[in-house]
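Visitor: First the structure, then my questions, so here it is.
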Amino acid sequence: MSDMSRLTGKIGDATLIEMSPDSLCDEDNNGCHHHHHDIDLDEYPHSQPDPSEVDKHQQSKDSVFFRDGKRRIDFVLSYVDDRDGERKQERRREYEANLQKAGLELETEDKSVSDDRKTYFVKIHAPWEVLATYADVLKIKVPFKENDIPVPQDIPMDWLFTPFRLPDHIMNPEPDYFTSPFNKGKIDFFLIDDKETFFPPSVRNRIVYYILARCPYHKTDREDKKGIKRLLNNGTYGSAFPLHDSRYWKPSRDSNSESERFNLYKHWAQFFSFFKEQPLNLIRKYYGEKIGIYFAWLGFYTEMLFFAAVVGLICFLYGLFTFDDNVWSKEICSEEIGGNIIMCPLCDKKCGYWKLNSTCNSSWQSHMFDNVGTVFFAIFMGIWVTLFLEFWKRRQARLEYEWDLVDFEEEQQQLQLRPEYETKCTSRRLNRVTQEMEPYLPVTSQCARTFLSGATVIFWISLIIACIIGVIAYRLAVYAAFASIMKDSPTNNIHMVGSLITPQLATSVTASCINFVIIMILNLMYERVAIWITDMEIPKTHLEYENKLTVKMFLFQFVNYYSSCFYVAFFKGKFVGHPGDYIYMFGWSKLRNEECDPGGCLIELTTQLVIVMSGKQVWGNVQEALVPWVMNRWGSRKARSHPESRYSRWEQDHDLQNFGHLGLFYEYLEMVIQFGFITLFVASFPLAPLLALLNNIIEVRVDAWKFTTQFRRPVASKAHSIGAWQEILNGVAVLSVVTNAFIVAFTSDMIPRLVYMYAYSNDLSMKGYINNSLSVFNISGFSEDNRPDDGESPGWFNSSVITTCRYRDYRYPSGHEKEYSHTMQFWHILAAKLAFIIIMEHVAFMVKFFVAWMIPDVPSEVKARIKRERYLIQEYLHNYEVEKLKIQLSQRSDDCCCTPMIYPDISRHVVLSECL
């Protein structure tokens, strides 16, 4: 540390570096920048204390500088002075005094010049000495030499991609440099042309926020109350944010302002740029690496979805164009076969007998998704998800190199303990590594908090399961009502879609909609609970906090969104018993378990998936775009009604929505839930990747529009990966292979049809399959509780003529020695299903692991460039030290007896000097 700075404690223990007044002097300018109360009023006429004398129009609306036009505003605090807020005033006074002791410079805008005549704004500037000191502490990488490694040759036929390209100054806003962690003691080693612009605004606001989060505002014998977050929570300040550099719809008139926000809006956030590449380097420069990584991942995910969407569309078209080969649907729809097959009632008392050909439409619909192409697509998606994850690792490794994150370790964030952890953990213990005292949470308290947190999560997951059981009970109860209402086909009078509506479809659609509403309500409730229990656990670092919250939220969302799909896919129609011996919900209720219709349960799984997935995506996009826009319009209504107001840059940003520290978390969560839909159940709906692709094309631009126009500028933060989401994606990818294998085997009719064709058909055709797949039951075997009520059966049913009905199963008929027990064909089909699952899983996993082994996580080119850069850094550092030593020795030449000419011959790797 500099002699001009005095350490008041460890940085890791959230104490700050107190700057003496002399340390704030700029040696190059032969003077000092003082705090606002020491400013010479003749030198800075706009710093006059009387706000009424300030000319509103003299300073540009988009100014991001103090009144002197020289010092950049790095952060803004706002507050409304309450009449009875003496304690808040005292906190502000002490906090702002401590900020000045830490070296920051403040300038206050009185409420009389603000837009609403109520709000005070405290503008904060970090001078060079503060920035240099904390850049050293935080090990921020800065350039020391322009990168001279040759750029790879252009891609062949690169001109084809010209329409998708952005201008080079947008894609690469600054040259590529070799970088090294900043060292305050080696200022002349780095490429410092101008100290005021050496650290970009994103780095400056990150450093200032680090100070704000650790600066105390009240000291007692027991503890130091500190941090801007607590001051925001208790209402001392209303908001704290860094400034955007211009308005988004036009560049700033100030030549010293970069207008990067305008460039982002023009080239990235407008929807008509949806086919253009994303300016990731500019996003990273403006918002920081963490947000840059998110948009890089979202863009890459969208690119990869294109291939899955194309293959899924081909499989869907295959099902569409092979209707004529669909023999079993023709049998169902024909009057000779389907019209003469009388089916057993699907519910007790209120359901009558029905003809098989009444399910003709659902059978045709089912064929579009339940065909040979489905099996191929399920296997393809198992390979696709592996390629996606492996290629993302390579893209991520390239970004790590380009964004100077190669040596960034999450352990560095241990220096950045959460202020809440430091405040609430009053116990101290010796760190064996650093040999310094540090705060810690006792094991007993940690265990108790973890147990309470786990119990809360289990309770909420149980609540979801209870809601799902309630929806199942609704399906069972309402199906009978729909069946009774529709027995005379009154829906045929409905224009266009009337003939398509069946009791099964009506039950499925209404249940799916109710389930979607329940999902949304539980989400809103659980979000608050998850944040509360994560806060209660007192995680040590921001990274640990995010990981704990990620696990809790995803576990809950996984059960919430996917449980209904798991029910339809793996439980519905599997435990129904047979006529005369039905299985009931809970065993004692009068709700008979649901059956699948002869078309299979796959079409119902498709319906469930489409409603939940599409509903979530539409609702999410509307909520993301509409809510911030409405709130911003309402918040800035007064400013828009007073055009004579100056409406300064800080007031404009104050009226925008705050981007919370969990804002990016919800963006990832939305996409990962979508990823689960298109992988876990894709065998039932090959068009799912296409829906996801269309949604993501909109999502990228909606998110970009939100960031640039509707939200305040977030504090820049670093991240070298997508964090815990990577492991979650890997887990979903593995699970998706299993779920799709089970869907093809047990939910679709693919395996029974293949077994019939190859083992039971005389001519390897599907003729007779429908008759073979239906068992026979003697109507006289129905008990009084199962038999339809009088008037429920249709007019064509004559009990004296029709003595049997059919049901979907493989059982021996009445009168057989093994009456109503499973036939040998049932066991053949079951064995084929299990064999298919084992073979498909093994093939998919073998291909998956082989592909993962074949594709290295880090491209060889990137490895070589990293080694080259490290070598050059060591070489330049060595040469720098040698030159520095030569200068020092030449200054002490009168005490040295050696010849200066020997120093240019000093070895690169061994420094020898007779004079040491």
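Placed from the backbone N, Cα and C atoms, the Cβ positions cover glycine too.
Any TrEMBL annotation is an automated prediction that lacks curation.
Quick caveat, the model's predicted, so the values are computed rather than measured.
As listed in TrEMBL for this protein:
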type	residues	note
DOMAIN	65-280	domain 'Anoctamin dimerisation'
DOMAIN	283-869	domain 'Anoctamin transmembrane'
REGION	42-61	region 'Disordered'
TRANSMEM	294-321	transmembrane segment
TRANSMEM	372-392	transmembrane segment
TRANSMEM	457-485	transmembrane segment
TRANSMEM	505-526	transmembrane segment
TRANSMEM	675-698	transmembrane segment
TRANSMEM	728-747	transmembrane segment
TRANSMEM	834-855	transmembrane segment
Visitor: Six or more residues out from either end of the transmembrane segment (675-698), which same-chain residues have a Cβ under 8 Å from its Cβ atoms?
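Guide: For the transmembrane segment (675-698), the nonlocal Cβ contacts are 271, 274, 298, 301-302, 305-306, 308-309, 311-313, 315-316, 369, 373-375, 377-378, 381, 385, 558, 561-562, 565, 569, 602, 605-606, 609-610, 612-614, 617, 621, 729, 732-733, 735-736, 739-740, 743-744, 747-748.
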Visitor: What residues elsewhere in the chain lie close to the transmembrane segment (294-321), defined as a C-beta under 8 angstroms and at least 6 residues from its ends?
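Guide: Beyond its ends, the transmembrane segment (294-321) has Cβ neighbours at 277-278, 280, 283, 367-374, 376-377, 380-381, 384, 387-388, 391-392, 395-396, 399, 664, 667-668, 671, 675, 678, 682, 686-690, 692-693, 696-697, 699-700, 703-704, 722.
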Visitor: Would you mind listing the long-range same-chain contacts of the transmembrane segment (834-855), meaning Cβ under 8 Å and 6+ residues beyond its ends?
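Guide: Answer is 378-379, 382-383, 386-387, 389-391, 394, 733, 737-738, 740-742, 744-745, 751.
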Visitor: Mind looking up the mean pLDDT for the domain 'Anoctamin dimerisation' (65-280) in the predicted model?
Guide: 85
